[in-house]
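Report on one structure; see the data block that follows.
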Amino acid sequence: MSRMAEQQLYIHGGYTSATSGRTFETINPANGNVLATVQAAGREDVDRAVKSAQQGQKIWAAMTAMERSRILRRAVDILRERNNELAKLETLDTGKAYSETSTVDIVTGADVLEYYAGLIPSLEGSQIPLRETSFVYTRREPLGVVAGIGAWNYPIQIALWKSAPALAAGNAMIFKPSEVTPLTALKLAEIYSEAGLPDGVFNVLPGVGAETGQYLTDHPGIAKVSFTGGVASGKKVMANSAASSLKEVTMELGGKSPLIVFDDADLDLAADIAMMANFFSSGQVCTNGTRVFVPAKCKAAFEQKILARVERIRAGDVFDPQTNFGPLVSFPHRDNVLRYIAKGKEEGARVLCGGDVLKGDGFDNGAWVAPTVFTDCRDEMTIVREEIFGPVMSLLTYESEDEVIRRANDTDYGLAAGIVTADLNRAHRVIHQLEAGICWINTWGESPAEMPVGGYKHSGIGRENGVMTLQSYTQVKSIQVEMAKFQSIF
């Protein structure tokens, strides 16, 4: 693909130049080619976007629930009509295989938007009787202007996960995509405008997170920030949001999630689940189950089943429909993953497979890392303690149920967890003891629109998806009505 035209900001229903004068480049990680130069939003651009959003939000909130619902449903239709072209752009920007982006990224994002479009009329208040002459009623009102700050691994899906409940509740959103993968969020803004969203209700500000993101979290005109990213960055976003104007926050942060295989499990099923929990999207999924616990007596058999499945991984041309494994999202991220792999070797973990970059035709110019499995891992190892966010699986063994529960919970993270077992009683008994916000039994990775997702401990605050997320983008107003004569004590 030839280099795209310089990408601008999207404010008040159209493209506009950044006042900062700064730009950055977005790179195709499959081959190292520059896709586009992108303008970076500065402080003045954030101010412009907030003013635009404030104007648009008043118009949007004044519409009826059904009017808002119809507009969002039109956006869903456009997303589905343009699925393939959006998926191609997402593949170029992220490096993910087209077989994945064309069936997951836009599809699941559109599902979430459709879900919230249908929920808009359900936003209701309540009536509370106090006595014969008095009652209270409540209203759920929008927060106003909110900000979304996205991660680089699911660019358009995250933009939809954040904007769908925010817009459904009557808010306007200013969205800052990751500077690593900024392109499809701009296309989403075009689609929202085409569907009939009032100007200013969805503005997109590409830029560097440490600058543009901080301008958003500092801005007094923004009522809430929804952030997806790493724990360290999330803590800064939360601190800035509180210090500036006591903003509400939703934090979807990192994880080092356990996948526990029990001795009664079907090892073929367990191996299939472990592969999806580690190598889907080249391991760049926040919920990945990278700590795979297997009974000591099953270790050798499980290792062989994993190795057999690694042989089925097909890396290569990301637009080949048979390819199911792409490069990492960027060269700096590739280098960071390789540092973790080197650390694993240094600390004594045994490389079962992989452990290096992929070499050969089609790989040398891209950010490719081989699917890597470490075995003989120990809980104190760096690769077991820290989030790598790449195609790196760590195998650990255990002897008893109590032991594996304790070790699974021995982490600052608490995003996800899963177990594989044929025992229904054990499944529920164990899953109820795992300290994680998203749990799976005999499966892994699905996050449907109806399912609230989010983390325990350092893995986040608040939830995305589900009914409760729609409510989190509203504020409750309570009104007391007195029909009898008011009695003053003065």
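The backbone N, Cα and C atoms fix where each Cβ goes, glycine too.
Less than 8 angstroms from the CB of Lys162 (active site, charge relay system) sit Gly148, Gly150, Met173, Phe175, Ser226, Thr228, Glu464, each of them six or more residues away in the same chain. What Swiss-Prot records for Lys162 (among others) is active site, charge relay system.
Sequence annotations record features per position, and here Swiss-Prot assigns active site, proton acceptor to Glu252 based on sequence analysis. Around the Cβ of Glu252 (active site, proton acceptor), a 10 Å sphere holds 27 further Cβ atoms from the protein chains shown.
According to DSSP, Cys286 (active site, nucleophile) sits in a coil region rather than a helix or strand. As annotated by Swiss-Prot, active site, nucleophile applies to Cys286, with the evidence given as sequence analysis.
Around Glu464 (active site, charge relay system), a 10 Å sphere centred on its CB holds 24 further CB atoms from the protein chains shown. Reduced to three states, the DSSP call for Glu464 (active site, charge relay system) is strand. For Glu464 (among others), the entry in Swiss-Prot reads active site, charge relay system, with the evidence type sequence analysis.
In the three-state DSSP reading, Thr26 (K(+) 1 binding site) counts as strand. Residues annotated as K(+) 1 binding site in Swiss-Prot, with sequence analysis given as evidence: Thr26, Ile27, Asp93, Val180.
Summarising the annotation, Swiss-Prot assigns NAD(+) binding site to Gly150, Ala151, Trp152, Lys176, Pro177, Ser178, Glu179, Gly230, Val231, Ala232, Ser233, Gly254, Cys286, Glu387.
Annotated K(+) 2 binding site per Swiss-Prot: Leu246, Lys457, Gly460, in sequence order. Here the Cβ of Lys457 (K(+) 2 binding site) has 17 other Cβ atoms within 10 Å, regardless of which shown protein chain they belong to. In the three-state DSSP scheme, Lys457 (K(+) 2 binding site) is classed as helix.
Neighbour count (other Cβ atoms within 10 Å of the Cβ, all protein chains): 25 for Cys286 (active site, nucleophile). The cysteine sulfenic acid (-SOH) annotation in Swiss-Prot covers Cys286.
The secondary structure of Glu248 (site 'Seems to be a necessary countercharge to the potassium cations'), as reduced to three states from DSSP, is extended strand. The Cβ of Glu248 (site 'Seems to be a necessary countercharge to the potassium cations') has 18 neighbouring Cβ atoms from other residues within 10 Å, across all protein chains displayed. If you look up Swiss-Prot, you'll see Glu248 marked as site 'Seems to be a necessary countercharge to the potassium cations'.
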Candidate binding-site residues Ile27, Asp93, Pro177, Glu179, Val180, pick with smallest Cα gap to Leu246 (K(+) 2 binding site): Pro177
Recorded NAD(+) site residues Gly150, Ala151, Trp152, Lys176, Pro177, Ser178, Glu179, Gly230, Val231, Ala232, Ser233, Gly254, Cys286, Glu387, farthest C-alpha pair in Å: 23
Helix, strand or coil at Asp93 (K(+) 1 binding site) [DSSP, three-state]: helix
Lowest local Cβ density (other Cβ within 10 Å) among binding-site residues: Ile27, Val180, Val231, Leu246: Leu246
Binding-site residues compared (Asp93, Glu179) - highest count of Cβ atoms within 10 Å: Asp93
